[in-house]
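So that you can see what the record holds, here are the features copied from Swiss-Prot:
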TOPO_DOM  36-682  topological domain 'Extracellular'
CARBOHYD  N83  N-linked glycosylation site
CARBOHYD  N191  N-linked glycosylation site
DOMAIN    366-632  domain 'ZP'
CARBOHYD  T457  O-linked glycosylation site
REGION    464-486  region 'Disordered'
CARBOHYD  N527  N-linked glycosylation site
TRANSMEM  683-703  transmembrane segment
TOPO_DOM  704-713  topological domain 'Cytoplasmic'
Amino acid sequence: MACRQRGDSGRPSSWFRADWRSFFLSFTLLTSVNSIDVNQLDPAFPGTVTCYENRMVVEFKRTLGNKIQHASVVDSLGLKMLNCTYVLDPEKLTLKAPYESCTKRVLGQHQMTITFMNDNTAHRQKTVLYHVSCPVMQAGRHDQHSGSTICSKDFMSFTFHFFPGLADDTAGPKPQMGWTVTVGDGERAQNLTLQEALTQGYNLLIENQKMSIQVLFHATGVTHYSQGNSHLYMVPLKLTHVSPGQTIILSSRLICASDPVTCNATHMTLTIPEFPGKLKSVSFENKNIAVNQLHNSGIVMEIANGLRLHFSKTLLKTKFSEKCLPYQFYLSSLKLTFYTQLETVSMVIYPECVCESTVSIVSGELCTQDGFMDVEVYRHQTKPALNLDTLRVGDSSCQPTIKAPFQGLVKFHIPLNGCGTRHKFENGKVIYENEIHALWADLPPSTISRDSEFRMTVRCYYSSSNMLINTNVESLPPPVASVKPGPLALTLQTYPDNSYLQPYGDKDYPVVRYLRQPIYLEVRVLNRTDPNIKLVLDDCWATSTMDPASLPQWNIIVDGCEYNLDNHRTTFHPVGSSVAYPNHYQRFAVKTFAFVSEDPAFSHLVYFHCSALICDQLSSNFPLCSASCLVSSRSRRATGATEEEKMIVSLPGPILLLSDGSSFRDAVDSKGHGTSGYAAFKTMVAVVALAGVVATLSLISYLRKKRITVLNH
């Protein structure tokens, strides 16, 4: 037998703190006491026993004095146990012994025999044997979360398991009446009778050899930690039951995080506020992961301003749910173990991602101001993962604006009037919807069907409040003009200056312009009095022939905006109130630098063309008609109408562009009209041509007469 005067501190092992830490039994034993000399039976064991997971601790009464130095562990016959290694501490009056080598099992108990010399007899020393016991916990009694706080929506709960005998003692007609509840630590500890505890947020249930206690988050003694929108609750709890001959003490520290997890397309995030505790491990799906292994296991931990755990969705399970399309992500349970207040405590939560609905995933509350909805699709947004190469939107005419294969991400910029986007009016909102399709990444090609396809409805809306205008009306507005049937007609004209008062007539072409002289152009809708329509330019360009499709071409306006690759940009001019329907007009000035070559004698005829469309400001495409040139050309191009909806209009005649060194400069007046010199030039050309024709006819007549004369001779 080995006996050491100093040994380990007697703290329960880590396994016990995880699963048994909440239970110890402290009682005065009045069980069988055997003596070698029957006349020397001791009526009671002079001490108490505390039972741990793999050992017991005996605490002797101080009345024993120096006799404790002679205490030892023996077998039931009083013989030394050679394999028993125990620790005797005379100063603390304790003896610690492991169950495995120092006890034997008797009727479901770990039984140990202690002896020490009793020298109260003046004649001879006699040895007294004491049997002390701790219960044997039956295998399989605990579930995987035994010893952990179970978190629910409004309360936390903890379960203490009994052993045979203790359960019988507490199973009387009023088993709960002997219990008292102590909550809090140190000076803040409060002792409550069971009846008081029931009225202050606690509930106790004893059945089937176990005791369950439920604690509301606002119960007496509960400490509340909060940070932002995250909350954590913790309470030290001790239950004491006193009966003749024994005292039962059950203790635990309950801890619970009450907030639901948040989810995005790739991760599930759990947030816990700052509190005096440190995370030790994370357990789920029969895996226990230490903190230093979290990152390698797909879990990212942030510890600044509280604790945040980001779980990759590849770790989560999926299940069919009426709330989600097509699956809901969740963990069947998640156990977090912390070290706090010199204790190891655990809590169990049941996290799952919250979904919007079975038919829609809302891409954003409001559609963008320039008439789009922006959608992000991640490869791991579903399980199994998506094949991003098979993604398509609506009628498949839309292509992704961004593809990031390494991030498993695709972004769409879907126009509200294209790609098959639909709209409807509902509760004062204009709701736009489209559908995204994709195939699963690991789907065998031979099993393609409708069920194998991922479908996600995306939507955004404009509310009626977005269209409100505050006005002060002093008179009734004029009646809305009736809609005029028939095709729309446009015209493109040029003006002498930016007053736009009198355009050039058809007889004034070609209109002459020199270097540094702007060309003032106007596109307008003809023969319409509907104030609700708006003219929107698409493209304007110049060609060297009358054919709008001929090459080369010079861009003037692209997607309704000045051409940003031209150093001499087009200037838009506002349409004032001098016209009845300003929205029926578009005015702009073109710089001649874009067309004139470096040859000082350069002259050229240039033809101007524009494509445009008509917008109905009362219909659902109004946001598109108000798009700003701050949007990139590529984005604006996606909002444009089809080629069938656009109309192309050209100037009635060409513009004659001349450089400063041209010999015709003096022949042009300040208004740009050709003068008599230029008219004489044109007349001279006609006369020369006529003279040539006459000379040709005369030659033919002479040759014919000469031939006739020769034949007559």
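The first residue you see is number 1, and the count goes up from there.
Glycine is no exception: its Cβ is also placed from the backbone N, Cα and C atoms.
Note that the coordinates shown come from a computational prediction; the quantities given were computed from them, not determined experimentally.
Reduced to three states, the DSSP call for N527 (N-linked glycosylation site) is coil. The Cβ neighbour count for N527 (N-linked glycosylation site), using a 10 Å radius over every protein chain in view, is 8.
For N83 (N-linked glycosylation site), the count of additional Cβ atoms within 10 Å of its Cβ stands at 9 [all protein chains shown].
The two recorded residues, N527 (N-linked glycosylation site) and N191 (N-linked glycosylation site), have Cα atoms 92 Å apart. Rounded to a whole number, the distance between the Cα atoms of N191 (N-linked glycosylation site) and N83 (N-linked glycosylation site) is 44 Å. When each of the glycosylation sites N191, T457 is scored by how many other Cβ atoms sit within 10 Å of its Cβ, N191 comes out lowest.
Taken residue by residue with DSSP, N83 (N-linked glycosylation site) is part of neither helix nor strand, so it is coil. Mean pLDDT of the predicted structure over the topological domain 'Extracellular' (36-682): 76. Secondary structure at T457 (O-linked glycosylation site), as computed by DSSP, is strand. Cα of the residue listed as 'O-linked glycosylation site' to Cα of N191 (N-linked glycosylation site): a distance of 58 Å.
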